[in-house]
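Undergrad: Below you'll find the structure I mean.
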Number of protein chains: 2
Amino acid sequence: MEQIISSDFKLGILGGGQLGKMLTLAASNWDVNTYVLDPSDSCPSAPTCTKLVVGDFNCFSTVYDFGKNLDMITIEIENVNLDALIKLKSEGKKVYPCPKKLAIIKDKGLQKEFYEKNGFPTSKFQLFESENEIKDLVKSGAISLPFVQKLRKEGYDGKGVKIVKSQDDLNDLLVGKSLIEDKVEVYKELSVIVARSVNGEIKCFPLVEMEFNPTANLVEFLICPANVADSVEKKAEKLAIDLVEALEYEGILAVEMFLDKDDNILINEVAPRTHNSGHHTIESIFTSQYEQQLRAIFGFPLGSTELKIPSIMINVLGEPNYEGKVLYSGLMKCMEVDGAKFHIYGKKITKPYRKMGHITILDKDINKAREKAEFIKENLKVIA
Amino acid sequence: MEQIISSDFKLGILGGGQLGKMLTLAASNWDVNTYVLDPSDSCPSAPTCTKLVVGDFNCFSTVYDFGKNLDMITIEIENVNLDALIKLKSEGKKVYPCPKKLAIIKDKGLQKEFYEKNGFPTSKFQLFESENEIKDLVKSGAISLPFVQKLRKEGYDGKGVKIVKSQDDLNDLLVGKSLIEDKVEVYKELSVIVARSVNGEIKCFPLVEMEFNPTANLVEFLICPANVADSVEKKAEKLAIDLVEALEYEGILAVEMFLDKDDNILINEVAPRTHNSGHHTIESIFTSQYEQQLRAIFGFPLGSTELKIPSIMINVLGEPNYEGKVLYSGLMKCMEVDGAKFHIYGKKITKPYRKMGHITILDKDINKAREKAEFIKENLKVIA
């Protein structure tokens, strides 16, 4: 096998946001060279990668030129130019995950069709070319409220998703190709991060439970391990494993699920990369999702996903009414909290609800972790 | 307070070896800019720091010029130009640890005198201007064998230390200013890493036990927590705390100790920085020694030093008969070991006994951790 560690091996990463940053830090532990492509020269990965290439990861020639001198290419964001990745792969470059699988996942319509075709539980859905088709069908009575509209492409962090409850909501449907799906009565939102290595080895991280902030539609608390019955955890894990196998997927896949009151699980959607719901793995689990991604795509044995210490992860979001040069207010007080691990991504400009960092609170007693998380949530403010 | 995190604040680090690298990685988690001074442009910190300045950290003007444009200066190696640090400090720069304390610590003669004067237990010693003085006193019968000779300055990793047991050993005494001390009957070697913040807050990491390789005189296994009576742990901790208080020290101090069969503890020596015996803190403890160093010198509250999971740390050393471009043999097999965390420093050239990396093996059962450590020790070879 070629030597990847402490060598001239070059790993390319499309995207230099916080997920890219944490991946480069994991690579640094093994002395692996990372080349990052991002439109911003001050992206979070800029100071941590071996070399930053400034450019648009949606541009065919930029991605192709970036990749052709590297040994392997992976992603930290799925909205990238797939044609360039397909061409690179056809020329023998190692590209993980496979761009054809990315094509299925980054189009939520194709994703839902894949679930349906392969017998994976997901909410009922219909695909539409435009928002007007939806309006017409509501008018004709063929569709009834409420439902959830999702753009087929480029949604993230709650963007590209709309809950349609009233006639008023119909006036500002999302514009473009979309799908609508049944609004599920959600008891809990769950996430399983699963890794499948290029050798076919599979390991799941412990199930996590996500509590959303209803205003920002962003995760507020992420709790690991999830407070659900063992049978639910086993069922969720099996779903995630069956899914990566059905996809013949290589790398980290984040599988977001809905749990209802009767312990039924539906797949909500997946992300073909490391994920916000796996940040806590850095300190809470034996192997982080970032190290696991490297192990999976390098063909190394997957690392242990055993729990070290229970944790609650909170995102550090820009306050609603501030935009400008970032200031962290209340930081000292929060740094006193035992077991709070601070991750500041390095975005110099804060915006409302922008993800500026995250904090993982470790505590053997998950109730105490929760109290600490609430304290930090109240006291740490990202202002300008 | 000035903003350190996500700002233009510049932290300078003298030395870009593995300790510097791991400090820059901790700083990256908080988006703190790190400026590293090291003679080699391919030192371990080169790819991980914000900016590397290539230069000699023993040269007055190089260190002074490096420091004068930074906000704070710390070290990862003590053999640096102290006069430049003293001048920078006199001009109002923040320099931690204080260069006057460094002057005491980097001269093992002054260090021993400090212990004696302040009532800290340490082995009996005498100072000498040259090795010939020692020979004369042995000849005259004023000193008897065995004893340990230590150069007063610039010893590290077992270099600069000689155990003198026979008349033959007298023929190759270490050359230069040195001290000799009684050879202690060591039952165990212990280490306490203690942090004292610029605000005077003090926290110790759990006691660790070091097992040495007698050939290389380097740590072979580092075991955390140490297998000693609680009373020994408490006594060792108190010693470390009393010592940082007596020194009015700021930052991380590693206190190496000898334990005899009667549970007496003697201070062997200290290192005024993060230390090999604290690598395991990255995964085994709530706060790593690198993060703690930042907290201490930034004036942040110190982090929890609670144990997460017991661990054994092994150094990855260059094999005795190899020198050249590094190759890791047996790596895949060792990567299969559950809970083994690999740190490859990024030195491109291996030399006999050179520290190329370390591995921390985590296991709730310390006996299993030991079996795993032995397996890795046998199977991972650094060759060229």
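Don't overthink the numbers, they just go from 1 along the chain as shown.
Glycine too: its Cβ is placed from the backbone N, Cα and C atoms.
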Undergrad: For the ATP site that TrEMBL assigns to A:Lys108, A:Glu181, A:Asp182, A:Lys183, A:Val184, A:Glu189, A:Asn268, A:Glu269, which of A:Lys139, A:Lys150, A:Lys238 is also named?
TA: A:Lys150
Undergrad: Might you list, by sequence position, any residue in that chain lying six or more from A:Glu181 (ATP binding site) with a Cβ less than 8 Å away from its Cβ?
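TA: Expected: A:Lys112, A:Thr122, A:Ser123, A:Lys124, A:Phe125, A:Gln126, A:Phe147, A:Val148, A:Lys150.
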Undergrad: With DSSP assignments reduced to helix, strand and coil, which class does A:Lys183 (ATP binding site) get?
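TA: The residue in question, A:Lys183 (ATP binding site), is coil (DSSP, three-state).
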Undergrad: Per 10 Å Cβ neighbour count, which of the binding-site residues A:Glu189, A:Glu269 ranks highest?
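TA: Selected residue: A:Glu189.
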Undergrad: Using a 10 Å radius around each Cβ and all protein chains in view, which of these binding-site residues has the most neighbours: A:Lys108, A:Lys183?
TA: A:Lys108
Undergrad: List nothing but the largest Cα to Cα distance in Å, as a whole number, among the residues A:Lys108, A:Lys150, A:Glu181, A:Asp182, A:Lys183, A:Val184, A:Glu189, A:Asn268, A:Glu269 that the record says bind ATP.
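TA: So the maximum pairwise Cα distance among the ATP binders is 18 Å.
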Undergrad: When DSSP is mapped onto helix/strand/coil, what comes out for A:Lys108 (ATP binding site)?
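TA: A:Lys108 (ATP binding site) sits in a helix per DSSP.
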